[in-house]
Structures are given as C-alpha cells and as structure tokens.
Amino acid sequence: MGRMHSPTFDGRHTRFVLTAFFVRQIMALAGFALLATIALGIAALATWNVADPSLSYATGNQPTNLLGYSGAIFADIVMQFLGLSAIIAFLPIIAWAIALIAGRKFNRIPARLVAWVAGAIVCAASLGCFPAPVTWPLPNGIGGVIGDMILRFPALFIGAYPTGTIATILGVIFAAPAAWLMLFAAGIVGGLDDELEREEAVPVATSKARAAREAEEDDEDDGEGFFANMLAFGAIAHYWYITQARLRRLFGLKSKSLHTEFEHPYDFNEYEFGTLNEPSRLKTAINRLDQRSEPSFEERAASRRQMSPPSIALDHDNNADDEPPFDADGRRLPNGILSDDESDDKFTPRQAPGRGQPRITAPSARPKPSERVAREAQASFIAADGFQLPTVHLLAEPKNVVRDNTLSEEVLEQNARLLEGVLEDFGVKGEIIHVRPGPVVTLYELEPAPGIKSSRVIGLADDIARSMSAIAARVAVVPGRNAIGIELPNQTRETVFLRELVGSRDFENSKAKLAMALGKTIGGEPVIADLAKMPHLLVAGTTGSGKSVAINTMILSLIYRMSPEQCRLIMIDPKMLELSIYDGIPHLLSPVVTDPKKAVVALKWTVREMEERYKKMSKIGVRNIDGFNSRVQQALDKGEILTRTVQTGFDRQTGEAMYETEEFDLKPLPYIVVIIDEMADLMMVAGKDIEGAVQRLAQMARAAGIHVIMATQRPSVDVITGTIKANFPTRISFQVTSKIDSRTILGEQGAEQLLGMGDMLYMAGGGRIQRVHGPFVSDNEVEEIVAYLKTQGSPEYLEAITEEEDEDGAGSGPAGAGNFSDSEDPYDQAVAVVLRDGKASTSYVQRRLGIGYNRAASLIERMEQEGIIGPANHAGKREILVPTEADIIER
C-alpha cells in the first residue's frame, strides 16, 4: 500500500508555490511602479515650458511644470536631446510595465534594451528630417540634438543638411527601422515567451515518463497543487490579520468607524434590551460628531430637525405613525429611536460650515505667466523694425515667499472661533461662514443673526482689532451677500510685484483699451482696470502710503501695452521729484511740466485739443475716438481719401448754391493721458483756472480719447471739491489719517484702517469698493525701463502745450488803444484797461478783468517787457511809458 501524503502538512511543493506566488507579486509591483514612473515622465513632458528653470536656462521664475524643478530639468533634457521622439520612446516602456503586471517573462533582455536605445536614436533622426513648425521654441529641430547630429552624415555627401524632398525621403527611410526596433524592444516582434517555451519543450517531453510513474505511485497527490495554493493564500491572510490586530492595539484604533457606530448603534435582539435603555452610548457618539459645531440661533432652531436620546418603548402605542421617523441625514430609523414628543434631553444638531462645504478657502495661486514671458525668454538675433515695447524681464522677479504657517487651516479655524467669541462678547451673534486668506489680509465673512445692524458691527472695528491683537481691522458689508466682511492683516505680509501682473495672462489677454495693473485682491486675484472706461481717476492718500508708487505702476502698465503712436502722455509734477524721471521717453507730448503756471497752460491746451478732436469726429460722423480711428484705418487700407462737401455760399449771377469739397487728414488719433501728481499745489496757485479746466476735461474728454489721472496727498474739501468729485466717479484711496478724509474721497469710512505701502480701496464707477494690494516697483526698475525707451526713439514735443497764445496785439501802438477792448485776448484787454484808466497794478487788472492773480501778474510783466509800463518803484507803483487815452484827448 502506498504512502499517503497530506496536502496540508506535506511541504514538498509548498515552498515552490510560495516562491512562485511572491515572484508574481513582485513582478506586478514592479510593473505598477514602472507604470507610475512613466506617468510622471509623461506629465513632466506634457507640462514642459521652455521658460522654466533648467540646466540650460537659468532664471528665477517659478517652474510651471507639474513636477516642479525636477520635472522641468527632466523635460528640458529629454526635449533638448530627443525632441518629439521622446514621446515614442515611452511606448516600449509602457509595454514592459504591462507585461510585468500580467506576469509574462522576457527573453533576450539585453538585445531588447539595445534595440530600445537604437530605436529612439533612429526615431530622432527620422523626425529631424522634417521641418520644425513655426511655434517650435527650441533652436534645433523636432528630432532634438541627436537627430541633428545624425543628419550631419548625409550632409557630408550632399554638402548641406537635407531639406525638401530629400529630407522627406530620408525621414521615411529612417522611419522603417525605427518602427521595427521599437516593436522588437516592446516585445511585439519576436514574442516574449516563444523561445522559452521551445527551450522547455524537450525537458518537458523527457519528464513525461517520470511524471507518469510518480502519478501511479501516489494517486492521491492529484489535488496537491490546488491545496498548496490554498495553503499559500491562507498563510498570507493569516499573517495579514495578525499584523492588522497588532496595529490596532498599538495605535488604539477600533474596528468599527464612528459613522457606522452612529448609524447602527445597537442590534435589536432579545439579549440587548437592557443596554438599549442606556442612552449614554448614543450621546457619546453624537457629542463626538458635534465637537466642531457653530453657534445656532433661536430663529433657526424651529427649521432644524430635533433628535432625542434613544429609548425603547416596550408598550407600543396604537396611535403611532405607520412610517418610522427619519434621522438628520434622511435615513429611516426603527420605531422608538426618535421620540415624537419633545423632551428635556432633546438637542439640535448644528451643522458646521466645514461639513460638506469647508469654510476655509484655499489661497489663490500666483497669476499664470503669459505667452509674452516665454516669447521674450528666447533671445532673438534679428533686429526688429519700429518701436519695440519693453520686455517683462526689465522688472524685478517676484520672490519665492513661503506661505506663512499662520495661514494654515488649523490656525485660520482657531482665529475664526476666536473672532466669533470676540463678537459675542460685544453682543453680536453670528457665525463665520467663510475665511479667505490673501497675500496681505485675511477676510472673515460674518453672517449676523437676524436683527443685527451692520452699522453696529462696523462701529466695532477698533475693538475687534484690539481684541484680535491686530494693527487695524476694516469692517464692511460684502456686496450682494448676507455677510459682513472683517479684514484682519496677516502676520507676514507678501509683496506684490509688478512683473507678475504685467507678465500674467490676465493682463496680456485683457480687452481693455488702456489696461492698468492695479494690484491683487484680498484673495490674490489680479485686478486689471480699464482707464478708457473709468474714464478719469482720482488718487488720494497720505505721504508714504504708496501713492507715488501706484502712479508709477499705472504709467508702466500703459507703456507696456501702448506704443507712442497709440498713447501719448502729459505729465504735470509740481513737486519736481516723482515724474521727472520719465523726461525724454517717446510717449511724452511735452517735457514734464513742473511750473504751476505752465501746468495751467498745458491743461488749457488739452481742452483746446479736445475741442479740435470733437470737430474732426463731427465732420466724419463718428461718436468717439475708436470710431474715428477705425474709419481712418479702413480708408487707409482701401487707399481712399475721406472728403466732405460743404456749401460755401451762392453765385451772385445765377443764384445757385456753391459747394466746396474738403479733404481730411487721414491720421489716427492717439489716446492722451494727463497725469497730475499733486493737485493741492496747483489748487493753491491757480485754483479757479485749474478747476475749470479739469471740470471741462472730466465732463467731455472721454469720447475724445483724453483721460486724466489726478493724485493728491491732501484729500480736503478745498482740493477735492464737489465739482471734481462729481466728475471723477472712479477713485482710489490709500491710507489716510482720519475718517473725514476717507469720507471726502470715498463717501464712507474705512481708508483710515488701511495698512499703507500700497494697500488701497478701489471704488469703481458704480460705487462698489474693493480692497486691492498695489504692486511694488523700485526706482531702479523705472530707470532701466526709461533707459530702454530712450533707445527706441526720441520724443516729439509740441511747444504749444506749454506756451501761451500770443496774438500780436501790442504791436499796433497806442493809437489803436481804443480798439483793444473789442479783442478777445486778455493781454489786449489788460493794455486797454491800463491805457484807459491810467492805473498799472496787478490787483487793478485782476479786479477789472475778473481773472486770477497769477494771470494778472503775468500780464503786467509782459507789459513791462514790451515797454508799455515801467518797473515797480519802492512803493510798488509803475509808470506808464506810452501815452494814455487822456493824454491823446488833451492833445
């Protein structure tokens, strides 16, 4: 009788089965690891950007690659050497990973590796034969450096790199061996297990007899392989459960989740009725779920479902509802778990905003760089014609600022709860529904309880700042929402740089005519405003609040998008410090005006230019500057000449109407932006003239393409008058010293709570106020940009902007003094007054003509220069050197 072998305890084949099982699992894990590595490589290639920092291109920009610096370096190396053939080189590796996962073995592994390398090289040569597209950013071909190197060998025979038909033929010739090598490397050609099966065929045939004899000796070993496999799986499962139990005991974990415990707290059988009468277990689970609960209000309690502790009623009520009640999540519970009657132990579940919809909003990412940044990163050796806009690389790169740990979700959640407690201490009930961290401040949106006035919460700004240990706190109503925004400064403030705004896609793709990068919102989104729609801007703030830096950023924003043919600038800087650095750039219509007297003349010239533009537009029949330029451009493209036929009179002999054809000057009109850095100084010197000119420009200059940016550091009512405020609907307020100044600029308080250094409140035309953090630009950056602009061309100044009109009225002599009063020139009228009345003083001319003191003084000085009156004596009186009207009458 043969010996019996137990499949459970016989280990003859058990070790072999376990070894094969573990080898199979290791191969599968290796396949998955290889597949994950391929996915990372493909992700790095898919997000490859030529402007990312790499071994061949050094820059401080943040890498846009999905894998960061390592992905950018990997993608750059692969694309530089292999080009687009790198994508094809990944295909055999994917086949290897799939084969490993399926448990298939490889034969001739060294040969397949060599075939893979050779196939990648030949594929690069094949792609290098084809011309690169226009958008290809690398200097070599689409086959990379390797493809160009291989193409040098045909160049030795034909004398140059192959192009045209020869290149296409070579590409097709190279494609055939490249495809075969890749298929062989992937195992598609030659098979993976063919030779292994042939090599194992002979040993298998010779062992059939021995296997038959062994089968005859042990007939009961037929199912041994099955039991061995079961033994292997059983051993693995056994050790897995042991390890899992040890981990639970080590870390104090429980087998059932809290959610399962709350859903099915008890098993309803005859042995657990005594346990059901004890509601402590359910209360404990509910309390754990309610650890993060927000304050609830009495008004909301009626609309929420109420849940009572579980109690099992052994005596069922016949009048009970047939349908069992539901819990707070809508699940049907057994009868008796929820009581229909209210009890003392009843509680109301309060849903925290973090459940389902988290109230902590993730900070916004940096603005995505535009195509302009990548385009300017590649140096061009071909000189461009015409005016070239300044490159973004002239601006300072934004620093890599690490997010402050105070902006983590735990800290923000703790601050939200602390703020709720502070408000409750002051008698304000509410809950923080959203927390929006930003680069400078964090916005906490408070949803007040019904009956709480917003003015009451706004008045607690100083108390909130004191209780939260903050420098300042701004409280305002969030437009369009039932929420009050509480803005608290961050401990670590991030600097907003102009480069990340000018180089962003939002700025490049903006459809604004006169786009200006104002800064970032509280959440970190870029703010791009259109000066053409404002149409004028009033900027106010104390010294050191960032007002001058903001003016520089506005000017640079216009310069980075507009050429001198599209936009011209008139700069008025009575302080002679801020805008004088721009003197000499091609965009200027006149040198930077620093004399207040010439500033008045420049504004009056702007008014006359506005009127001339309106005349031109009315003749052509358009309504604004865009329509005028469009009509002119259409005529230039078609080679036409715009004409207009007007009636000039009637023929005396025939009485027929006479017409004349008038031709127009076909020249597009540029936008004109007038920038006044300090309005207070101009108002002190010539307040009446300045206010009148600014009023006319603000009321009428929008359609003519003339816009005014006016800044002042003294936002008082004598500088920002009611007339100016009525014509400047768009305003920006930086930090001010008092609530009165804030109300003067914006019509409400809040600007006194700003942090300075570019922190502003931006009020658009509709009256909506938005907090914006202005970008920073240094003097060195401005100087570099100005130096670059000066190399692009010299400015074409108009002398008439700063020169007063001279109507040759004084040359007619004293004999014509009686006709001076009929002239419209103020100088002629002043001479007529002096010669008629015999009094030559500034105050007398001012009083008689109704003009400003400075204007009258300039007229008196001009009379002295032309010899009509003499210089003032020690008493301030002047002698009239020409005969007066009284002298002429006596003669």
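Quick reminder: no glycine exception, Cβ is built from N, Cα and C everywhere.
Under a cutoff of 8 A between CB atoms, and with a sequence separation of 6+ in the same chain, the neighbours of SER545 (ATP binding site) are PHE734, GLN735, VAL736, LEU754, GLY756, MET757, ASP759. Positions annotated as ATP binding site by Swiss-Prot, on the basis of sequence analysis: GLY544, SER545, GLY546, LYS547, SER548, VAL549.
The annotation compositional bias 'Basic and acidic residues' is assigned in Swiss-Prot to 289-302.
Residues or ranges marked as domain 'FtsK' by Swiss-Prot on the basis of sequence analysis: 524-743.
Taken from Swiss-Prot, the feature topological domain 'Cytoplasmic' covers 246-891.
Sequence annotations record features per position, and here Swiss-Prot assigns transmembrane segment to 26-46 (among others).
Taken from Swiss-Prot, the feature transmembrane segment covers 81-101 (among others), and the record attributes it to sequence analysis.
Residues or ranges marked as transmembrane segment by Swiss-Prot: 114-134 (among others).
Feature annotation from Swiss-Prot assigns transmembrane segment to 141-161 (among others).
According to Swiss-Prot, the transmembrane segment annotation covers 169-189 (among others), on the basis of sequence analysis. Outside the transmembrane segment (169-189), and at least 6 residues removed from its termini, the chain residues within Cβ reach (under 8 Å) are 88, 91-92, 95-96, 99, 106, 111-113, 115-116, 118-119, 122-123, 125-127, 129-130, 151, 154, 162.
Under the heading transmembrane segment, Swiss-Prot lists 225-245 (among others), citing sequence analysis as support.
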Can you check what DSSP calls LYS547 (ATP binding site), collapsed to helix, strand or coil?
-> helix
Outside the transmembrane segment (81-101), at least 6 residues beyond either end, the same-chain residues with a Cβ under 8 Å of its Cβ set are 27-28, 30-32, 34-35, 38, 41-42, 45, 112, 116, 119-120, 123-124, 126-128, 138, 140-147, 178, 182, 185-188, 192
Nonlocal residues around GLY544 (ATP binding site), in sequence order (Cβ under 8 Å, 6 or more apart) = GLY756
